[in-house]
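Asks: Can you keep this structure in mind? I'll have questions shortly.
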Amino acid sequence: MTTDTIVAQATAPGRGGVGIIRISGDKATDVAMAVLGHLPKPRYADYCDFKNASGQVIDQGIALYFKGPNSFTGEDVLELQGHGGQIVLDMLIKRVLEVEGIRIAKPGEFSEQAFMNDKLDLTQAEAIADLIDATSEQAAKSALQSLQGEFSKEVHELVDQVTHLRLYVEAAIDFPDEEVDFLSDGKIANALYKIIDKLSVVQASAKQGSIIREGMKVVIAGRPNAGKSSLLNALAGKESAIVTEIAGTTRDVLREHIHLDGMPLHIIDTAGLRDTTDTVEQIGIERAWNEINSADRVLFMVDGTTTDAVDPHDIWPDFINRLPANLGVTVVRNKADLTGENLAMTEEKGYSVYRISAKTGLGVEELKQHLKSLMGYQSNLEGGFIARRRHLEALDIAASHLQLGKEQLEIYLAGELLAEELRMAQLALSEITGRFTSDDLLGKIFSSFCIGK
């Protein structure tokens, strides 16, 4: 790790009441002596002049000194809190850079120092950026939970359990005369099953946390002229899609990004699905299926005037059977203004069914509440933890190795192969918190932070 002392503006660029300059590294004390003329008492606010090399006052404000390792970064840290004019702050940074051995910080470098000095792990460091970027109260609460170590705690528990089981299995291998007894007595299998179950719970929570952070991708799909584009317009609150009585008007994918109580929702309107010889329409239908296969949720749009059925398997079995097995489906019976249906939501064989009129807006608000619920919106509860795509991928990899290990144990009683799968699962989980993480990944993560964090 670099031993450079770094400086950056910690507050947002532009005009403001207060502006903060942060310095971290062993030269922070030199900066204090050069700019303030003295070293402030650690952890005490010191009102003083900020001076240039000639002794002229640049600004007046509060200086805060934190002696390492008792600081956010683990290094010596000096914060200069002055007036928020950008010119004044630029002059102050220029003055700090005149001290030998100081350079401008790279994006996220303060958080990277904290990570390298074991002041926080990788998920906590990422949570800082997520807290800053939060677009809803729920996202902010979840990011704060991660910053306080809730996600890390879950991952560390899994790593410890996997490590303990791996050591137990390797002990069985080291005593070959007793290996079969060790592997077949049920203790290892029971421990493995418990780990798999716990990982499944963490995966579900992480998936929810990822949706809160990144938004949920919802694809509106169905036959031509079912009202898909009208629903897109109703959810977006504007005329995003052309709506006509002509079936097949939408031939390409249309996207809208909206927020429901601050929670991001990515809505995809697709071409009507049907057999066609029209080349352009065929391309649109192929793209529709590509979007469906990568969706978090499908709104199955049904023209209520064409069928009374509510079970999607009765409405269009070929469509339902082609969907990915783990893809959630909400049935939306449209044109309730014409059918006179009761707008109450019902559950039909595990599917939520909503009756709406995309044209008049009837039932659309209830559908929005449903989507908010799917995204984990809770108006009065503490948030869960926040999660990123890389976390989900690492959890999936760990789950895959545990399943392979389960097969090796149940079918072959292969201790060596089980131990190897446990080792791979351990590595995947440890990458989440940064116990075993490549420098390339660290660089990618911290470079996405804002400067000054």
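Cβ atoms are placed via backbone N, Cα and C, with glycine included.
Straight out of Swiss-Prot:
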BINDING   R22, E79, K119, K453  (6S)-5-formyl-5,6,7,8-tetrahydrofolate binding site
DOMAIN    215-376  domain 'TrmE-type G'
BINDING   N225, T244, I246, T249  K(+) binding site
BINDING   225-230, 244-250, 269-272, 334-337  GTP binding site
BINDING   S229, T250  Mg(2+) binding site
Asks: How many whole Å apart are the CA atoms of N225 (K(+) binding site) and R22 ((6S)-5-formyl-5,6,7,8-tetrahydrofolate binding site)?
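Replies: It is 58 Å, counting Cα to Cα.
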Asks: Between the binding-site residues R22, K119, K228, whose Cβ has more other Cβ atoms within 10 Å than any of the rest?
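Replies: Within the set of binding-site residues, the most crowded position is K228.
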Asks: Taking N225, S229 as the binding-site residues to compare, which has the smallest set of other Cβ atoms within 10 Å?
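Replies: If we count Cβ atoms within 10 Å for the binding-site residues N225, S229, the smallest count is at N225.
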Asks: For the binding-site residues E79, A271, K335, which one has its C-beta crowded by the most other C-beta atoms within 10 angstroms?
Replies: A271
Asks: Please report the Cα separation of K228 (GTP binding site) and K119 ((6S)-5-formyl-5,6,7,8-tetrahydrofolate binding site) in Å, rounded to an integer.
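Replies: Counting only the Cα atoms, the answer is 50 Å.
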Asks: How many Å separate the Cα atoms of R22 ((6S)-5-formyl-5,6,7,8-tetrahydrofolate binding site) and K335 (GTP binding site)?
Replies: 59
Asks: Near K119 ((6S)-5-formyl-5,6,7,8-tetrahydrofolate binding site) in space, meaning Cα within 10 angstroms, which of the binding-site residues do we find among S229, A271, K335?
Replies: none
Asks: Taking only C-alpha atoms and a 10 A limit, tell me which of E79, A271, K335 are near S229 (Mg(2+) binding site). These are the binding-site residues.
Replies: A271
Asks: Reported as an integer number of Å, what is the Cα distance between A271 (GTP binding site) and E79 ((6S)-5-formyl-5,6,7,8-tetrahydrofolate binding site)?
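Replies: Distance between the two Cα atoms comes out at 56 Å.
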Asks: When the pLDDT values for the domain 'TrmE-type G' (215-376) are averaged, what is the result?
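Replies: Average per-residue pLDDT within the domain 'TrmE-type G' (215-376): 88.
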